[in-house]
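Have a look at the structure below before the remarks.
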């Protein structure tokens, strides 16, 4: 499988003018604002039109170092539908700029299943993340200015929870002290920076359904609490920040239209983290897709325990979305790693390891099915996979109640996704799924967490630190007991222990903190340490990047 | 003079599609990348075409709290030339986002002489400042990562001079400590944030003449120095950061095309500070303007002592530009303040105060003339100005060797600038100016500073703190003795004492520090404290801003 590098494929591609791509889904000049020749923002009104499309979620088994290719499969599947003559639209997240300079380089699919223009999408794109950064920074500046100007709201500086943000892997900003220098230079306090996908403004933008809804959610952000035993929450609206923040997001809120490598329409919009946030592209982009496409392919972060659960219980709930089918991406390499095989030995047939690891797939199938979803396992094929291995996975998938098809979209583009696409079309032809969320948001917080741990993770329930117990009582006391719960835990295991691969049983998940993300409309239950500001490696990928005389880029792989 | 608010005028304006504006100056679809319907970036190649236009600099007397209207006059003058049938192009700076939320609201001209779309230009525009922010942040992250990963370059963390940046008025970030939290979280050190117009990357972008030149300048940035007595400078190129930084600026480097309120072409590009940097729009935008326009109107920050001097000695020197005429903006109100009148009493005729203050105008006329420039004083007229006052200013201007004309562009748009425009046309018809910089860059640093203080400020020379003495010796030792000098001093006085209005004499300027801005290609001589991170006022303007249901903005005045 000799495939050129992602950027080589991307730069060799002949892009269609985005106006042509738009025309194909019925969008004219009035529906678009161009950002160069190959990117556009669509009108917000598009998201208010009635949905006509079927919604297909792409999710995955637990990720491993071997890689699964969820985004690549999503792009390839959208391309495959188009090859079959369907009016398919792709809806995925925007990548963050920071990680581009670290280890991994670009992130917009791979091989012959990418979204283009790959370099722009990975760099500033249409400026959405910068706008989110500005809106976030404005609230931070207004908050510290309030302290500086006399603190009329009686905010306890030790209890400020609103961080600062930057879209860069900048380890040295994880923990800082600000406001030094004397009375004219602010109030001294501890502060932390998070990378922009971890910003609550990102989650809000991804969940907002209109300008008004955006402003209201921004106003609901809790930035900290007052001095005193009652710890009254302080909202962004108490600082009158929500209007100006919404103003800064007036263009960022509009979905971005780009194209797949094969020239099909793709909405790439918003990119919240998949652990401390809900890990999905924006509701507005998905709605826009459903308004103009017959089939909308979308994805959610990490495995089905994190991404799909949040897609179903948070995004679909808030957005009134009814997904019609699901695709579960797996690789034999990753299943073997789940069964204990070493990363260096994945090229060898290993039916023992596969047998031990395939239980992870079985669990994810059961998980997706319990939401009422019909699904296809897309086995992302590598040339090292043997027939015996493929047969074993196929049998396991069928036994667990899923269809299965091979996917080769990385090497073959849409052509390589036709088998999966046909299975999805068959599900849709037979009436699709009977989706329902897994819990009632009105249940007490602990009961919701318990439901997720037992049903989605296959565990025996949750244990709570003293801090988490206090936090839950506090959140219920300030009226946040009836929101969905966003679980923040490791993506590598169904449990909260990254080393427990496969399908662990008999475990409890430890919730060490629970905190409000009240603007977005959920609370986060944190299980373990979650990194919200990455660092750079010893030799950052940035060192090889350059812009050439003609303005083209090299080194962004 | 009852003129509606700036944003009311801006929102009532009927904008031309930017493609139409572009066509008028000979630019077709291949020369442009659209950013929505009313903004575009032009091709870099434009700046390489031969110059055909005449270059007119707009400068001013020392600014006061009464305001002079330099940007407004620049816009109005470009509109006036267009009313006279001339192919005139405006080239001005981009405003910074941070101050928008503080006291002043928007900054893109005023009244009937604005650049549009005013709201976009004041907010994210085409993302240039965000790109600069990212490039700046990348270098900071790579620098601290170098310390974290073993500090092979032997950088002294106490001598790091590269700050962090954010485009927000955020007082609490002026002085911070970063890298707290233990060995995995960076190296603890003092840090400071500057607002983005104070970033060296901004100055570099404004002075770069090609992609290659950009990358080279970025590589030349000095970020600090090594441990040890020799204090070897550490450059951005030592961290291999310049290529990725240039990549992040690949679109930001291209000039932005927008329009004046009367539909004429305007390049609005880059916005370095006028004190610690050179305060002019980009060389590339000015060159692009000269390639497509017959007359290019541009401006420089603050009064002629700061902005015009740097325009002549830094921008024109680096860009190979030969300005043909100058316009010096003055108001009777400001001249009366320079003569000691109180801000509350400027509406009353006060010939005594005016007589005392008009010397400031006389000095600025002499200053501009000594660069070989022919000039027109544009007296920005207020309805409170009396005939006797106007007569006094006219006489003083003529005596000092300048033409004079009244300007009413705020209230009347281009029509109000025709008198000034006609004087400029007469200068051009008579052969224009004989421009030359005021000093030879090869002179020793102190001699250059001395020349500026004596000739440009009218002082008796400079005094140097011990720190400045050491810094000068160090800079000369590392090969930075032969760059232009960028003076950082108060804009309110010709001297370095903000309270000395009018035309002070017998003063010396105290240089308290001198530091390299080696990427931009100059050194800064700092006289007094210069604020590089503003704060928000007690009630920030942000509190009144909102976005309405239709996506339009309110509160951005």
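Even glycines carry a Cβ here, placed using N, Cα and C.
Source: prediction; values computed, not measured.
Taken from TrEMBL, the feature ATP binding site applies to A:64, A:65, A:66, A:67, A:68, A:69, A:70, A:71.
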Close in space but at least six residues away in sequence, with Cβ under 8 Å from that of residue A:64 (ATP binding site), the same-chain residues are A:333, A:334, A:337, A:338, A:492, A:501
Note: among binding-site residues A:65, A:68, least Cβ-dense neighbourhood at 10 Å is A:65
Within the same chain, the residues at least 6 apart in sequence whose Cβ is under 8 angstroms from that of residue A:71 (ATP binding site) are A:92, A:107, A:108, A:109, A:110, A:299
Other C-beta atoms within 10 angstroms of the C-beta of residue A:70 (ATP binding site) total 26
All chains considered, the count of other Cβ atoms within 10 Å of the Cβ of residue A:69 (ATP binding site) is 25
